[in-house]
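J.: Sharing a structure here in structure tokens format.
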């Protein structure tokens, strides 16, 4: 029963990793940018939610109404003012600039909020649980998993069914010809980053509800998101979610064996996938 | 212009040797505090030079070199504490172990391209860190110290500090010399070809992956030896300190970026600037890293070839004679003939 | 008829390399101009510069309907009515035929072209509307590329090497549809390797060599001998 419980907890945790990964995957797909500051932006969103709940007295879930648009705006501005200047044939500038950004966000948060651990309080929701076949499944993890699935379904729909998704795909395919369609690449990239950070905002708030956070935990979230992307296979959103779930289950099983093995088990799964099936478990079929 | 260049590349080695001698004499002109600072400077100069070799010349942009710093440090501590080996022997042993470990690491991470390779190397470093934390014989997650008995084998405190200082200087000088020799060898030519056009290099029979693997292994060995020496000086080790991404990769990358990637001189200038900045901003606390990150971003955007690149372009400077100089791909205009280093420059 | 497109001493550069030198040319509305010349003469560069993919150094080097537009970015020029069919067709591979056409109509000026109009111009595309671009034959891909450019209802359509790599019968089929395009006042500039095809389709011919116009004249009066000597500079 303990094992069944560990696996279910792992699956639910995996939804969160799927969210970490979806934002990363989206911007890589559209502009081949790997955002090293992704994890720190998740933590930034968590702190924004903390401030929103403390100063406005909002419920953590209601704080999403502020944090999601705020992060999207930050994403748009970041891309327009900074990251667009780094895009080109050379991969060093975007990598190093987002790396610098990561250090800036970490130390900025440290300066403002200190290194103390924080947490968002969700009141009764935190302890509410559903009994299921002898197991007790927390309502909050379940809600977080549902939001992750809905967010990824929404992204999928947006990519394949809307003009904006069409613009994303066209720009990803051939940015030069996309300009001939009247698409301003700088604007399209900024919209993609805004969307990515909107998902980051969701991820940040649910992370903060689930666990303690401090300014230094961003890089590990980047790594989890990245591992989910590689395990799932590049270019497939549902694969990304599946990768996140596998990572969550691996960590949960590792923790069941020995608490020190939680994170290590996830990394080992990632390395095993890299060794055996580097294209990921569920790569997109199209060329 | 041309005269100055040739002049510069001739007197460069002479200046370098004179500077090396002056630095080797530092125990007679500075105190213990000064020696420690200089030793730290050499370590960072060497780490940044090796990272520059990987990222600036071989196109291997890694954020996981802390894996080898930590591995080297743990090798030295492990041999000294568990096998009773003299810690000085731990330094070459660290290089050897890291070179061996680098092969499977490369086999895995080379499957990832570009920026994904970068994060992949980071994951490997995390695996090393978590693995070290499981190693209870060396203190697990909280780490361990070198006992006085082990250190006594090296000498008394003053003698040790001098020895560590000379070792740091020798390691840094050897690292830079090795990089120069590598770049002047046929591997240097292969690296230049890969950097210019990987596909064309492959088509021309250059073994891209083997060349990259060689560079990765060499850089791992060098990084591990420096890591071993750094922690031998610190006398204390823990997984978080030995595998710290901030200390052994973030700072190192900032140094290389600010000084100039893709030039041997860049990381040296970057190290000097970094320590000036650090000493003058030390009262800022965590804001100092924030400022450093902002400076690195500004340099990357405004002067992608770093401050050495700016100086060298403007003044035609070149400290080390390198027949083939590599330019980052973003530099659109070709180097005018006048600033191209003399082909026949002798070492 | 006033000139829709006028080039006045247009230069173009790739970094330090100058690819076009003082190009002067004019294309009236409703007419077809052909640009011919050997490989590397600057033909594609000329189209890309007019379309805004390569930045023209001077604003008044390119006049469109009397307004200076040199150096404006491509995405703004689409809204003004300039469309380019790029060399090699370059459909978006992850978009279906219909999505390729729809994205071409993202910026839509008023005019006759719509999905239905494209499908009646190229009926075969209607049957394959949900197929991804790369699954089409070369000729069909070219039709999508032309249709995609038409969807914005351009006043000036620039076509780069639309016959390249296609079977002669397909080329004839595509060229047979071009006169229908200019009937409503749209001007057409085609870059073409096939000189007889170009002379047959165009009202006016410009021959480029090493980035300069070396021969210009009405298509009917330009002789093959003149073209041959202009091509090779003999």
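Each Cβ is built from the backbone N, Cα and C atoms, and glycine gets one as well.
Take a look at what TrEMBL says about it:
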type	residues	note
TRANSMEM	B:12-29	transmembrane segment
TRANSMEM	B:41-60	transmembrane segment
TRANSMEM	B:67-85	transmembrane segment
TRANSMEM	B:91-110	transmembrane segment
TRANSMEM	B:163-183	transmembrane segment
TRANSMEM	B:213-232	transmembrane segment
TRANSMEM	B:252-275	transmembrane segment
TRANSMEM	B:287-308	transmembrane segment
J.: Counting a contact as 3 or more Cβ pairs under 8 Å, with residues at least 6 apart in sequence, do the transmembrane segment (B:41-60) and the transmembrane segment (B:91-110) touch?
T.: no
J.: Counting only residues 6 or more past its boundaries, what in the same chain has a CB within less than 8 Å of a CB in the transmembrane segment (B:213-232)?
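T.: Contacts of the transmembrane segment (B:213-232) (Cβ under 8 Å, skipping residues fewer than 6 from its ends): 43, 46-47, 50-51, 53-54, 57-58, 60, 65, 68-73, 75-77, 87, 90-92, 94-99, 101-103, 105-106, 110, 146, 164, 167-168, 171-172, 175, 178, 182, 187, 191, 241-242, 248.
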J.: Under 8 angstroms, Cβ to Cβ: which one of B:12-29, B:67-85, B:91-110, B:252-275 has the largest number of such pairs with the transmembrane segment (B:163-183)?
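T.: It is B:12-29, which has the most Cβ pairs under 8 Å.
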J.: Using a Cβ cut-off under 8 Å, which residues of the same chain at least 6 positions beyond either end of the transmembrane segment (B:67-85) come close to it?
T.: 47, 91, 93-95, 97-98, 101-102, 105, 121, 124-125, 128-129, 132, 135, 137-138, 144, 146-147, 150, 219-221, 223-228, 230-232, 237, 239, 242-243, 248
